Each structure stands twice: as structure tokens, then as C-alpha cells.
Amino acid sequence: MNDDAAAIDVRPITRDEIPAWLHAVKVGFLKSPVVTDEDIADRTAQIDPSRALGAFDGGRCVATFRSFPQELTAVGGTVVPADAITAVTVTATHRRRGLLTRMMRQDLTAAKERGDVVATLIAAEYPIYGRYGFGPATSAVEWTVDTLRTGFDRSRPGPECGGRIEMVDGEEVRKIGPELHERLRRAQHGAIDRDERWWRLTTGAVRPSHEEWTEPFYAVYRAPDGEVEGLVAYRTDGAWSANKQPENTVTVRWLNAVSPAAERALWTYLCTLDWVTVVKSGMRAPDDLLPLLLPNPRAARVTGEGDWLWVRVLDVVRALEARAYSGAGELVIEVVDPDGFVGGRYRLEAGEDGARCTATRADADLVLGVGELAALWLGEESVARLAALGRVREGRAGAGRVADALLRTPRRPWCPDMF
Ligand SMILES: CC(=O)SCCNC(=O)CCNC(=O)[C@H](O)C(C)(C)COP(=O)(O)OP(=O)(O)OC[C@H]1O[C@@H](n2cnc3c(N)ncnc32)[C@H](O)[C@@H]1OP(=O)(O)O
């Protein structure tokens, strides 16, 4: 650190500093730097100042970093405590002087001391977080559907098997959404919890000043017994062609379904709406059922894709013991962690009823970086692919195959949320 950088104080903010800190977040994210009284009231109720770091240069806030408690679902449905990181900014005038590195170090050290199993974030740019031990642990795909080519029978759009779809308003979404999402996220590895503010934000009950609000449509799917099994929020653009053909695009903000019937019913509903010629799915799991549930899957093409949730393992023993495995086997894994949080050798004894993980001095069967461990932990990557890239090394011939057999998951991980 040079003298200039050392003079900058990096510390948790006070409640009184929240407005200046919010201003710095907006500056860092290139949003119009206006902070309204409503923003301040909303965020003061939300933010725990002891977990909001600021860097102060002569009293001016020039960098921001915030973390909050989160629950992340591991493979098999066990939930682990996570340190969720957000609002990471360094004002353009103060970049590349090590401020992010200092804030990250403070936060990860506190998270490790607190007993969080992992840290999580959604990376603005791919190259930022690998150096801190994060690895891309889930990815997401957006499909654009040409609804006139799906092969659906528009004259019979209704849900099959006696289920039904109803339109609801935001108030109703705030009542029925949280329970539905609880079911979804506990069954989906890679998913995270949502707090009450998430539901107020998504329904316009809270409106940050930098976002324009247009009331969306909400549709709920009820199974034949009346139970809510799916909910979708979407907007339309009201487009028509010059010769009076309706050409609306539906953009899905989020779609939560806890049964395949609900998933099929909601996508069919969206793809058979009169006036609508295009449906944009929003970011979904890479193995989402959407394309294959269309009679003609070629009507859906991928129009967006990328890494999504990044994970930094802070406790290898609890991370590996929390997840389920697809067989029984034993491996000694050496985790390389230059930052010193979790480096070492671990013996994993996995079985279909659970796993045991202990520190060991035995020779390593596999050697990998802590970021690679994150990419494998939720089932996003395979050892075979990472070994081909030279990022996992076998200490014992055939160990990679054993690891892949244990770690593979029937469905890909998915985090439906952004934070
Ligand atoms: C979870 C979230 O909130 S994601 C949002 C992240 N924020 C943004 O993208 C907003 C715009 N960018 C920024 O505010 C800043 O550039 C940040 C926060 C990304 C980086 O902050 P800085 O204080 O400049 O980072 P710092 O100086 O600690 O950099 C450490 C290292 O990372 C590298 N690095 C930092 N940012 C980037 C980047 N965007 N791309 C590539 N490398 C980067 C630096 O070059 C440096 O490398 P070195 O150690 O080899 O010299």
C-alpha cells in the first residue's frame, strides 16, 4: 500500500453516514447521484451499518462494500449460512489503489470468524473476484421464444389436468409469494432466501429513485386442489406493427414454480397470450425445462447467458458435509488458498446418507484452488473439464473420475435472484 492509500480509512459506517454512503454507491455504479429522502428511509431500515464498509478520504466516502446474512441451499437441500456481498464500489478517482482488496479482506475475515460457511456475490465483471478465492458456482440462461412457432394450440391454451391460472395484484403476491419461494429455494441447490423487502421491491411497494416503475402483471398457478404452485411476474411492451398486427413482447421478471405442472402451465400461458409474438424468459437455470416443453423447441433460442452466483468457501469441512453426494466414496482433497482462509488437505468420506470431512496429512488425490472448489461444490462444473484446463490436478490416477461420480447432480444449480 502506498502512503496515499494508507491515509484512506476503511471502516464500518455509522447510521448518520448512510446518505453519503448511498451517494457513493450511486457514483460507483454510474447511476444519477441523487439520493432521495425515500431512498434514505428505505435503506436506513434495511442496512446494518456494522456490515457496511466505507472508505473515507478526508471525510469523503470514496468506496463502499456491504454484506448481509443469507441462506444458500447446498446440493440435497441443506441450507448453509452465507456472507452475501453487495454494493461493492470504488469511486473512479480512487480505483486500483487496493481499496477493494482491503474491504474484501475485512469482510471475509469477519465472516469466517462469525462462522459463515461461504461468501456469495453476483459479479459485475468476470475478472474481479477470482483473486479473492471466489469461483463461478451457478450460471443462467435467457431464452427468447417466437410464440407463433412453438406449436402450441392457441385455441386451447388452458392448463391441463384441472389446474387453473388467475391474475393477482402486488398485494396478493406479497401474501402468497414468500411461502411459494420458500418451497422453491429449499428444493433448489444454488438458491437463496428472500427477505420481506425483496417482495415489497418486486411489487413496487418500495421504489428506489434510480428505477422507473411500471406495474407488471402477475399470474398464479393453482393445482387442482387449490394449492399455489407457481407465480409469474411479467411486463409487456404494447408493440404493434405498421400494418396493425399486434407484436407484443412479454418480458418475464421472475417465474417461480414448485412443480413441473406449474412450470408447464405458466410457460404455456405466456406463450399463447393473444397479441404476444415474443416471450423473453428472464435469466433461468441452464437446464430449465422451457425449450423442451414447447412442441417445437427450436422456437426458443438462447439470447443471454453467463456466470451468475459466485461462491467463496470459508469452511471446507462444513461445506462438504452440508451437501449430498450421488454415491459412496473417499477422497483426499488439497485446497490451495493463497489468502489463508481454508487451505489444507481434507479427507472426504461420502455416502448416500451423508458425508464426513476431516483435516488430514495424507497424500492428496486431487489438488485444486479454492475457486475451483466453489465451481464444483454446487455441481456447476466437472472435475474432468477443470482438469482439462489444468486447474485441477490428480495426485492419484482416476481420482477425478471418482470425484465427478460423487459430485454430479441430476439438475444444474440455479440462483433465481440478484442481490
Ligand atoms: C458484488 C458487487 O457489488 S459487483 C460490483 C463491482 N463494482 C463495479 O463493477 C463498479 C465499478 N468498478 C469499481 O468500483 C472498482 O473498479 C472495483 C470495485 C471493481 C475494483 O476496486 P479497486 O479498488 O480498483 O480494486 P483494487 O485496487 O483493490 O484491485 C485489486 C486487483 O484487482 C484488479 N481489478 C480490480 N478491478 C478490476 C476489474 N474491473 N477488472 C480487472 N481487474 C480488476 C486490480 O487491477 C488489482 O490487481 P493487482 O492486485 O494485480 O494490481
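Heads up, the Cβ atoms here are built off N, Cα and C, so glycines get one too.
The feature active site, proton donor is assigned by TrEMBL to Y129. Summarising the annotation, TrEMBL assigns active site, proton acceptor to F419. According to TrEMBL, the feature acetyl-CoA binding site maps to V88, T89, V90, R96, R97, G98, L99, L100, T101. Per TrEMBL, domain 'N-acetyltransferase' is recorded for 8-159.
A map of TrEMBL features onto the structure.
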{"residue": "V88", "record": "acetyl-CoA binding site", "DSSP class": "strand"}
{"residue": "R97", "record": "acetyl-CoA binding site", "DSSP class": "coil"}
{"residue": "Y129", "record": "active site, proton donor", "DSSP class": "coil"}
{"residue": "F419", "record": "active site, proton acceptor", "DSSP class": "coil"}
If you measure every Cα to Cα distance among V88, T89, V90, R96, R97, G98, L99, L100, T101, the residues said to bind acetyl-CoA, what is the biggest one in Å?
15
Neighbourhood of ligand 1 - recorded positions from V88, T101, Y129 with Cβ under 6 Å:
V88, T101
For the C-alpha pair, I'd like the distance in angstrom between T101 (acetyl-CoA binding site) and Y129 (active site, proton donor), rounded off.
10
Roughly how many angstrom lie between the C-alpha atoms of L99 (acetyl-CoA binding site) and the residue listed as 'active site, proton acceptor'?
21
Most Cβ neighbours within 10 Å, among the active-site residues Y129, F419, goes to Y129
R97 (acetyl-CoA binding site) to F419 (active site, proton acceptor), Cα to Cα, whole Å, comes out at 26
Ordered by sequence, the long-range same-chain Cβ contacts of V90 (acetyl-CoA binding site) under 8 Å (at least 6 apart) are G28, A55, V62, A63, L99, L100
At the level of the C-alpha atoms, what whole-angstrom distance separates the residue listed as 'active site, proton donor' and F419 (active site, proton acceptor)?
16
Can you give me the Cα-Cα distance between V88 (acetyl-CoA binding site) and F419 (active site, proton acceptor) in Å, rounded to a whole number?
11
Apart from the site residues V88, T89, V90, R96, R97, G98, L99, L100, T101, the 8 Å Cβ neighbourhood of the acetyl-CoA centroid comprises A55, A63, H94, R95, R102, M103
